[in-house]
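Here the structure comes first, spelled out in structure tokens, and everything after it is commentary.
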Amino acid sequence: MCGSALGLPPAAFVRLRSCRPGPAAFLRAAWVLSLVLGLGRSENSRCASSHAVSCSECLALGPDCGWCVHEDFISGGPRSERCDIVSNLISKGCPVDSIEYPSVHVTIPSENEVNTQVTPGEVSIQLRPGAAANFMLKIHPLKKYPVDLYYLVDVSASMHNNIEKLNSVGNDLSRKMAFFSRDFRLGFGSYVDKTVSPYISIHPERIHNQCSDYNLDCMPPHGYIHVLSLTENITEFERAVHRQKISGNIDTPEGGFDAMLQAAVCESHIGWRKEAKRLLLVMTDQTSHLALDSKLAGIVVPNDGNCHLRNNVYVKSTTMEHPSLGQLSEKLIDNNINVIFAVQGKQFHWYKDLLPLLPGTIAGEIESKAANLNNLVVEAYQKLISEVKVQVESKVPGVYFNVTAICPDGARKLGMEGCSNVTSSDEVLFNVTVTMEKCSVTGGKNYAIIKPIGFNETSKIHIHQNCGCECEASRGGAAKCAEEAPLDSTCPQCQESQCHQEEAQSPSQGCKAHEDQPVCSGRGVCVCGKCLCHKMKLGKVYGKYCEKDDFSCPYHHGSLCAGHGECEAGRCQCFSGWEGDRCQCPSAAAQHCVNSKGQVCSGRGTCVCGRCECSDPRSIGRFCEHCPTCPTACSENWNCVQCLHPHNLSQAILDQCRTSCASMEQPYVEQASECFSSPSYLRIFFIIFIVTFLIGLLKILIIRQVILQWNSSKIKSSSDYRVSASKKDKLILQSVCTRAVTYRREKPEEIKLDISKLNAHETFRCNF
């Protein structure tokens with residue numbers, strides 16, 4: 001155990017009193033002293049003023065707190081004085097070898113490394129609350145991966161032309177992919193939608209042929225059918241595609257996500273290889289149903305994310321919901337599958353918007369009859385192998401990961417953002433920082449997985465939580481048990497035979513804070529005059545009288561003490577760097593409340609999460625600096641009055657005006673009589689009357705002019721037919737009366753009609 005402090009075999013904690021006196025012990029003590037020389041005053045006061053009454057509580061306060069286990073240390077004083085930074089404990093007289101101070105270790109086994117792309121494959125970290133550990137993860141892409149490409153095609157009627165194009169893509173695509181892979185395989189599957197109403201027509205005449213509107217013979221609708229497993233035989237792939245018939249449904253969205261999840265999790269059916277780069281090509285021209293859409297058909301059972309293929313047919317299509325985007329993303333990442341959405345038409349942008357929610361996916365727009373399908377696949381694959389991103393899975397409660405990518409060009413990006421334009425000769429580094437704010441309920445040894453998206457290798461991070469002390473682990477005997485029982489409900493219970501006689505006679509004595517309070521606050525049992533607190537599902541109950549707990553503190557955004565502190569006696573005890581009644585505010589936020597004079601909120605308010613809340617209702621402004629009606633408003637700004645008349649002022653005063661009085665508002669004062677004459681109501685009445693009269697008169701004139709103009713045009717149009725009475729000659733009108741007579745004769749008879757001229761006043765008639 002001594003060697004762990006010197007960087008030799010790792011140990012769970014530094015326990016100096018377990019080492020024998022000698023050079024090793026001296027070096028160990030020197031290491032502890034050098035470790036704590038740089039501690040700040042904030043941690044010093046935090047450890048010393050924490051009122052921690054057990055070693056575990058002390059170590060949970062922060063990475064710099066230590067606990068003195070020496071029996072004679074501060075004899076007669078409060079137990080909380082045993083908790084402090086190591087340098088203070090030593091100065092108070094605690095022997096160096098009696099200080100509990102867990103250390104942080106990162107161990108990377110050099111032997112048995114099997115990974116070739118992601119190294120190291122395993123990392124072992126020992127953490128304590130508030131501490132952080134750091135290591136580098138290296139990712140080196142291979143030059144030529146084996147590639148498994150599975151075509152998942154929407155075979156609804158609108159995709160008829162695109163399916164015909166698939167008959168000829170096999171050989172051409174295989175030739176193009178040979179440049180990137182020496183081992184290329186193809187597979188094929190089809191999907192439509194759930195085979196229930198309202199997604200398909202259940203009319204007896206259309207149940208087996210949904211394409212009657214297209215005058216086509218279609219196969220029955222189906223949720224997902226696995227047609228061909230991954231194979232190197234391109235001819236077999238083309239034959240399977242050639243035999244494929246289209247199907248149909250009646251609503252616009254399809255069941256694509258349902259089929260994608262089955263293609264991802266049914267590894268043995270599809271034939272996914274562990275060592276291959278797995279590509280899932282989804283061809284469609286419509287959107288896909290999302291989770292909860294199935295409720296329209298009365299399907300309410302959530303998707304369980306498991307494989308349900310029977311005879312290559314998805315048999316749970318009509319009984320389970322569509323998967324959610326989060327569930328689909330999880331299954332794709334777990335199975336190292338990259339998705340290429342090949343979309344035709346206006347729905348391309350719908351899939352493009354989903355890319356941030358589905359890591360490792362690419363969307364491309366296919367042309368009419370899928371003319372550019374092969375080029376789309378090749379370009380998408382080039383982009384996928386040139387991107388390196390990681391994701392942390394199986395997070396341990398209370399343990400957080402911060403990942404920063406160091407790209408080959410020197411750029412630093414967040415882990416989820418990753419690096420682009422990476423070649424097979426490049427190496428991408430990821431700086432991984434692991435922190436533990438508090439110990440999880442499970443405790444012990446846990447692990448997390450760092451998984452590069454689309455890679456078949458991972459890095460497993462073993463996390464050992466140093467949340468206890470050796471003094472507690474080696475505790476034994478009645479005396480130790482009685483000493484620790486009130487402080488830790490996990491302490492073994494004392495046997496009745498170990499109790500002193502006087503304690504056995506009054507078992508509840510010492511288990512009440514006051515006589516009128518229940519035994520152990522009603523949340524524990526009294527054993528040997530000491531409270532043993534109950535274990536509760538809500539959290540931990542502790543304290544001498546079980547009066548404290550870690551679950552009755554305020555919540556912030558659904559987390560107890562915002563996840564940045566621990567609950568003690570109903571109050572949040574914030575971790576280092578956080579403050580507030582719910583530990584919701586960073587400590588550094590207080591600097592945003594300081595004005596130019598160094599005052600917090602100008603002395604008129606309090607700083608809450610980096611924002612000033614003015615306590616004086618008359619104060620306004622970001623720093624509560626404006627208070628026009630405050631008694632001190634004039635005295636505070638009196639020196640700025642002379643800045644309003646800058647004539648004959650010295651340069652020093654002018655400089656002061658520019659700096660200190662630049663924000664002063666200069667009000668504009670208008671000189672006016674204090675008394676105003678009463679308005680003349682009679683004058684206002686006449687003005688309104690005259691204006692109204694003139695407007696009405698104007699309307700009448702306009703209407704009159706329109707009527708005259710209309711009459712004039714009417715008279716003019718009838719003047720052509722007016723007969724002048726001055727003419728002596730009578731007007732002779734020529735009238736013509738015709739009648740068509742048809743005779744069936746070989747030689748029609750000629751008829752002569754003589755139309756005489758009639759006077760205008762005579763009546764004209766035709767007699768036949």
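Quick reminder: no glycine exception, Cβ is built from N, Cα and C everywhere.
For 1-42, the entry in Swiss-Prot reads signal peptide, with the evidence type sequence analysis.
If you look up Swiss-Prot, you'll see 146-384 marked as domain 'VWFA', on the strength of similarity to another entry.
There are 22 other CB atoms within 10 A of the CB of Asn249 (Ca(2+) binding site), with all protein chains counted. According to DSSP, Asn249 (Ca(2+) binding site) is assigned to coil rather than to any helix or strand. Sequence annotations record features per position, and here Swiss-Prot assigns Ca(2+) binding site to Asp193, Asn249, Asp251, Pro253, Glu254.
Among the features that Swiss-Prot reports, N-linked glycosylation site is placed at Asn233 (among others). For the recorded site, Asn233 (N-linked glycosylation site), the DSSP three-state label reads coil. The Cβ of Asn233 (N-linked glycosylation site) lies under 8 Å from no Cβ of any same-chain residue at least six residues away in sequence.
In the three-state DSSP scheme, Asn402 (N-linked glycosylation site) falls into the strand class. Feature annotation from Swiss-Prot assigns N-linked glycosylation site to Asn402 (among others).
When Cβ atoms from all protein chains are considered, those within 10 Å of Asn421 (N-linked glycosylation site) total 11, not counting its own. A coil conformation is recorded for Asn421 (N-linked glycosylation site) in the three-state DSSP classification, outside any helix or strand. Look at Swiss-Prot and you will find Asn421 (among others) tagged as N-linked glycosylation site, backed by sequence analysis.
Annotated N-linked glycosylation site per Swiss-Prot: Asn431 (among others), in sequence order, evidence recorded as sequence analysis. Asn431 (N-linked glycosylation site): 15 other CB atoms within 10 A of its CB, across all protein chains.
In the three-state DSSP reading, Asn456 (N-linked glycosylation site) counts as coil. Non-local neighbourhood of Asn456 (N-linked glycosylation site): Lys274, Glu275, Ala276, Asn336, each in the same chain, at least six residues away, with C-beta under 8 Å from its C-beta. The N-linked glycosylation site annotation in Swiss-Prot covers Asn456 (among others).
Under the heading N-linked glycosylation site, Swiss-Prot lists Asn648 (among others), citing sequence analysis as support.
Taken from Swiss-Prot, the feature transmembrane segment applies to 684-703.
When the binding-site residues Asn249, Asp251, Pro253 are ranked by how far their Cα is from the Cα of Asn431 (N-linked glycosylation site), Pro253 comes first. Reduced to three states, the DSSP call for Glu254 (Ca(2+) binding site) is strand. Ranking the binding-site residues Asp193, Asp251, Glu254 by how many Cβ atoms sit within 10 Å of each one's Cβ puts Asp193 at the top. Taking the domain 'VWFA' (146-384) as a whole, pLDDT averages 88 in the prediction. For Pro253 (Ca(2+) binding site), the count of additional Cβ atoms within 10 Å of its Cβ stands at 19 [all protein chains shown]. Residues Ser156, Val192, Lys194, Tyr199, Ile250, Thr252, Gly255, Gln286, His289 surround the recorded Ca(2+) site, their Cβ atoms falling within 8 Å of the Cβ centroid of Asp193, Asn249, Asp251, Pro253, Glu254, which are themselves excluded.
You'll find the Cα of Asn421 (N-linked glycosylation site) roughly 42 Å from the Cα of Asn249 (Ca(2+) binding site). Long-range C-beta contacts of Asn402 (N-linked glycosylation site), restricted to its own chain and to partners at least six residues apart, with a cutoff below 8 Å, comprise Val432, Thr433, Thr435.
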